[in-house]
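The structure appears below as structure tokens.
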Amino acid sequence: MDTGGNSLSSAAPDGVKRKVCYFYDPEVGNYYYGQGHPMKPHRIRMTHALLAHYGLLQHMQVLKPFPARDRDLCRFHADDYVSFLRSITPETQQDQLRQLKRFNVGEDCPVFDGLYSFCQTYAGGSVGGAVKLNHNLCDIAVNWAGGLHHAKKCEASGFCYVNDIVLAILELLKVHERVLYVDIDIHHGDGVEEAFYTTDRVMTVSFHKFGDYFPGTGDVRDIGYSKGKYYSLNVPLDDGIDDESYHFLFKPLIGKVMEVFKPGAVILQCGADSLSGDRLGCFNLSIKGHAECVKFMRSFNVPLLLLGGGGYTIRNVARCWCYETGVALGIEVDDKMPQHEYYEYFGPDYTLHVAPSNMENKNSHQVLEEIRCKLLDNLSKLQHAPSVQFQERVPDTELPEVSFAYFYKDKIGGIDSNCSHNSQLRFYGLSTWASHLNSF
């Protein structure tokens, strides 16, 4: 059964224009993880260039994010970890080997020039998008520099240092009783799931490659704990999944989630490493197939924050996020690519769309059906729209009257920064502050 977004009374036709806020810092493309490292922030600048030359920027409010401050990051991350990120440099790292090991910084997550500024920039865009949504200043907010879903409370992981998604969810929870997080990156959204594993105010849904693949979490049997039981959904997939197989799961599952959870806001992490031909990935999605997830989430007409994430064949990342920005705006962009400063990256065809490969789809229909039935059954065990004590109040974060930038100020509050390093704890000692969410 294909539970379409338009089947809900709150949904609006896909053709209806939405007000979109787009966050971009021109400096973000200058950050460099190092020679040979697959994560390349330059892809954000390439995406922006495509948006400019396709004429999409003129249809959005374009905002430069104000950098997240220390105390903003410490709403989730431990004080000593944030202090370490602020102080570490390529020149001083050899003097802090113990700290590097403690915070898992070094190889996958290297120290590079401007590391802390990079974290402040991408986190500022995601929190800024949440603030815009909270103030009803847009329908959809976009931050392609964000979506770094692996970062933990006390450590870096999988190219991610600060978990901007968790910070954005905490911001949304100031106004919305329930927030939905959906992750279509090829890697499991472990950092976000972990952060909210014991609360029923946040539902996390991750579609990912599972089995001898980083980060190794995201089993279908991982469903949440305590008050959060059944509020974590994991969709484990195998190599070569194509558009049809992906949406055989995505649409009915997300349709049911929207029906029973009734989120006040949604974050969609649009990691582009699930595309066919990704340097680190092994899925076979087309750009249109990937973007269909954006189109489907948009159709529910719920405040939506679109974030980036993985994606390591950078010409295809830029193609994907450009096209998905068009989907957010309700504008179909031409396949023929306009001339621009990175035009040579897209040869020899110079088109926006690329054909998926003929790789084998190792996801049998029988296995997909079993996963779908299992997860729909889990959702049937949820109480409809869990009730929480929720008091109307002015959000802590104010939004000044400035059109060209989002300036982040005022008290953002804090959450217990004590960190458990016991790797056996499924949620890394976060249950204390997760339960604190009910006091928002």
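From the backbone N, Cα and C atoms, a Cβ is placed for every residue, glycine too.
Feature annotation from TrEMBL assigns active site, proton acceptor to HIS150.
If you look up TrEMBL, you'll see ASP108, GLY158, TYR312 marked as substrate binding site. Taking a C-beta cut-off of under 8 Å and a sequence gap of six or more, ASP108 (substrate binding site) has these contacts in its own chain: ALA156, SER157, GLY158, PHE159.
Long-range Cβ proximity for ASP273 (divalent metal cation binding site), meaning a same-chain Cβ under 8 A and a gap of 6 or more residues, is found for ASP185, ILE186, HIS187, ARG279, LEU280, GLY281, PHE283, GLY309, GLY310, GLY311, TYR312. The divalent metal cation binding site annotation in TrEMBL covers ASP185, HIS187, ASP273.
Model confidence over the domain 'Histone deacetylase' (37-325) stands at 98, taken as the mean pLDDT rounded to a whole number. TrEMBL lists 37-325 with the feature domain 'Histone deacetylase'.
Listed in sequence order, SER157, GLY158, PHE159, CYS160, ASN163, HIS187, ASP190, GLY191, PRO215 are the same-chain residues at least 6 apart in sequence whose CB falls under 8 Å from the CB of HIS150 (active site, proton acceptor).
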